[in-house]
Amino acid sequence: FSLENVFYHSHTTKPLIYKICGVWGNKEGSMLLWTLVLTFYLFLMGIFTDNDSKLKKVSLITQGLICFCFLLFTLLESSPFTKMPSVEKDGLGFNPILQDIGLAIHPPILYLGYLGFSVPFSLSIAGLIANTEGNVWAKIVRPWVLISWSLLTLGISLGSWWAYRELGWGGFWFWDPVENVSLMPWLIAVALTHLLLVVRNFNTLRNFAILLTLITFILSVTGTFLVRSGILTSVHTFADDPRYGLYILALLGIITASSLVIFVVFTRKNHTSAMSFQCLTLESRKKSATQVTEGRRFFSRLTMMLMNNLLFITAFFIVFVGTLYPTVLGYLTGELISVGAPYYNSLFNPIALAILVLTIIGQYCRWQGNSLLPIFREYRFSFCSAAAILPFIFHMELIIVLSITISIALLIFVLEAYSKRIRLFKSESILLARRVSKSYYAMMLAHAGVAILVLGIAYSVGWQEKKENYLKIGDSITVNKFKVTLQNIELIKEKNFHAVRGIMDIRNLLNNKILGEVTPEYRFYLAEGQKNVESSIYHNLFSDIYVVIGEIDKNKSKIAAKVHYKPGMSIIWLGSFLIAFGSLLAAFPLLRRFS
């Protein structure tokens, strides 16, 4: 072991997969991965960017400068190639919490999402300097935004899946500050994705879209700063040197200041009609709004899309304030507070439901607008089907009732609209289905994924149960209709760790059949000298039985056990996958046009 990075984060007893992912499980290695992903996107830009000479040249120069800055920082202040004073025979091991397959795939995909926004950022700077027409610029930028957003969606989902399986508390989202840091660019990117459709179709609001593009990448870099600066406290952070955060803050300041200066200077210079610098005045905002909505009814797809944009930006500010307010208050007053789930549930959840409602209305509406009554008549099945579920859930909390009803309405609408489009059960259905564009299928999958995701979250939160007790062999814990019985306690010794393992079977009390077996463990990692729980989960389509155990007692006869009934988890993962897959499906045909 001659490199510090390897010595401090690896061990000869570790499986190969953890030796590999241990490289990016620390601040030095993660910056190496960061620069690798940046240069990968620089390579892709050279292949797929529109061949307009000035736009391509300026965007590649911008992307190259970003790569150079982070590469220089990595080599000078965060080098993973620092030598040990002497060669060591073995390393110190790897954080047990991070020894999971989720770590092998979560950070690379998350970085692909974060840094994918560097491409729209570079194209936006180039679009300002080259004064590219809004509709032309939007066609070039949108596939990159879709790819980045879908990868960020997948990365966040994998992080949630890892936390659910590995951290032992049975949840999938904790409103942890670093979780929120990844959510902030995601929210702005959703607004940007839909705004680019407006820019492409109506050649207006170009500069507002450019501003959102710049902010999205700046937020991605902000996340890097917060994770590595030690400002936020989280299992995701790894800061041990205050100087490290200062250097990243300087980089963030340079990127933010230079991009905003370019934005202001060139919007003034170009005097674009969509949203120039002067559009910050009230009069010009009214003029721009009139230009976009003139001749259209209020209930139009365009209006709903713009309103949704405002809601996504509002949701971003809710998360932004909740994440940074405790830190700012602590620095100013020394008072330590935390902002938890009650704050986000009371403010963020209603905004999310409003977004779903506007999404449903927007899908029903045409771009030019129409009245609501014909919409209700044409798609009354969707509304009636959603309303039919109300008698079964009226006893739940209002937010759960609304979430389930609205998400079911959106899901049924997506299916009903598609069936009408292909004239389902008619002789020409197959032919019409083949003629449907990939962009429509992509939109359908992504919106269905949103509905399924919200439905899964509401189902999980509304019907979950948790029980815990000390168990000896033969004892049971019952949650919902499932009985979990401890059959045996094993003491195991592996090369990497020693563990107490509980052997438990799961019985369905409705038919008295054994469904399967779970084997949770309480591990002691030898190299690190640390203890960690390893959950065991029984999965089916509609629910999970999630089991963790603690230490065995002195008589080696009882163990502490905690059993969670977690409905809807598979539905949550399915919805997340459909959102990401739908976005990728929409992006690749667009990219091919510029290759």
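Yeah, the Cβs are placed from backbone N, Cα and C, and that goes for glycine too.
What you see is a predicted model, and the numbers here were worked out from it, not measured in a lab.
Over the domain 'Cytochrome c assembly protein' (24-229) the predicted model carries a mean pLDDT of 91. Summarising the annotation, TrEMBL assigns domain 'Cytochrome c assembly protein' to 24-229.
The domain 'Cytochrome c-type biogenesis protein CcmF C-terminal' annotation in TrEMBL covers 289-587.
Residues 23-24, 59-60, 63-64, 66-67, 70-71, 73-74, 78, 80, 107-108, 111-112, 115-116, 118-119, 122, 224, 591, 594-595 of the same chain, all 6+ positions outside the transmembrane segment (31-48), place their C-beta atoms under 8 angstroms from a C-beta of that stretch. For 31-48 (among others), the entry in TrEMBL reads transmembrane segment.
Residues or ranges marked as transmembrane segment in TrEMBL: 60-76 (among others). Long-range contacts of the transmembrane segment (60-76) within the same chain: residues 28, 31-32, 34-35, 38-39, 41-42, 45-46, 49, 118-119, 121-122, 125-126, 247-248, 251, 254-255, each at least 6 residues beyond the stretch ends and with a Cβ under 8 Å from a Cβ of the stretch.
Beyond its flanks by at least six residues, the transmembrane segment (109-131) meets 33-34, 37-38, 41, 44-45, 49, 52, 54-60, 62-63, 66, 137, 140-141, 144-145, 147-156, 158-159, 182, 185, 189, 192, 206, 210, 213-214, 216-217, 220, 223-224, 259, 262-263, 266-267, 270, 272 of its own chain at Cβ-Cβ distances under 8 Å. TrEMBL lists 109-131 (among others) with the feature transmembrane segment.
Here the transmembrane segment (183-202) has Cβ contacts under 8 Å with residues 114, 117, 120, 134-135, 137-139, 141-142, 145-146, 148-149, 152-153, 156, 208-209, 212-213, 215-217, 219-220, 222-223, 274, 292, 302, 305-306, 308-309, 312-313, 315-316, 319-320, 323, 367, 583 of the same chain, all six or more residues outside its ends. Taken from TrEMBL, the feature transmembrane segment applies to 183-202 (among others).
Same-chain neighbours of the transmembrane segment (209-232): 27, 34, 114-115, 117-118, 120-121, 123-125, 127-128, 134, 137-138, 141, 145, 177-178, 181-182, 184-185, 188-189, 191-192, 195-196, 199, 238-240, 242, 244-246, 248-249, 251-252, 255-256, 259-260, 263, 323, 327, counting only residues six or more beyond its ends whose CB sits under 8 Å from a CB of the stretch. Taken from TrEMBL, the feature transmembrane segment covers 209-232 (among others).
Annotation comment: TrEMBL describes 244-266 (among others) as transmembrane segment.
Taken from TrEMBL, the feature transmembrane segment applies to 306-327 (among others).
Panel annotation: around the transmembrane segment (347-367), residues 201, 296, 299-305, 307-308, 311-312, 314-315, 318-319, 322, 375, 378-379, 399, 402-403, 406-407, 409-410, 413-414, 417, 447, 450-451, 454 of the same chain, lying at least six beyond its termini, place a Cβ under 8 Å from a Cβ of the stretch. The annotation transmembrane segment is assigned in TrEMBL to 347-367 (among others).
Positions annotated as transmembrane segment by TrEMBL: 379-394 (among others).
Marked as transmembrane segment by TrEMBL: 400-419 (among others). Tertiary neighbourhood of the transmembrane segment (400-419): same-chain residues 349, 353, 356-357, 359-360, 363-364, 379, 381-383, 385-387, 389-390, 393-394, 436, 444, 447-448, 450-452, 454-455, 457-459, 461-462, selected by CB-CB distance under 8 Å and a gap of 6+ residues from either end.
What TrEMBL records for 440-461 (among others) is transmembrane segment.
The transmembrane segment annotation in TrEMBL covers 571-591 (among others). Residues 48, 139, 142-144, 146-147, 149-151, 153-154, 156-157, 160-161, 172, 193, 438-439, 441-457, 459-460, 542 of the same chain lie 6 or more positions beyond the ends of the transmembrane segment (571-591) yet place their CB under 8 Å from a CB of it.
Tertiary proximity for the transmembrane segment (306-327) is limited to same-chain residues at least six positions away from its ends with a CB under 8 Å from its CB atoms, namely 175, 177, 180-181, 183-184, 187-188, 190-191, 194-195, 198, 231-232, 292, 336-339, 343-344, 347-348, 351-352, 354-355, 358-359, 362.
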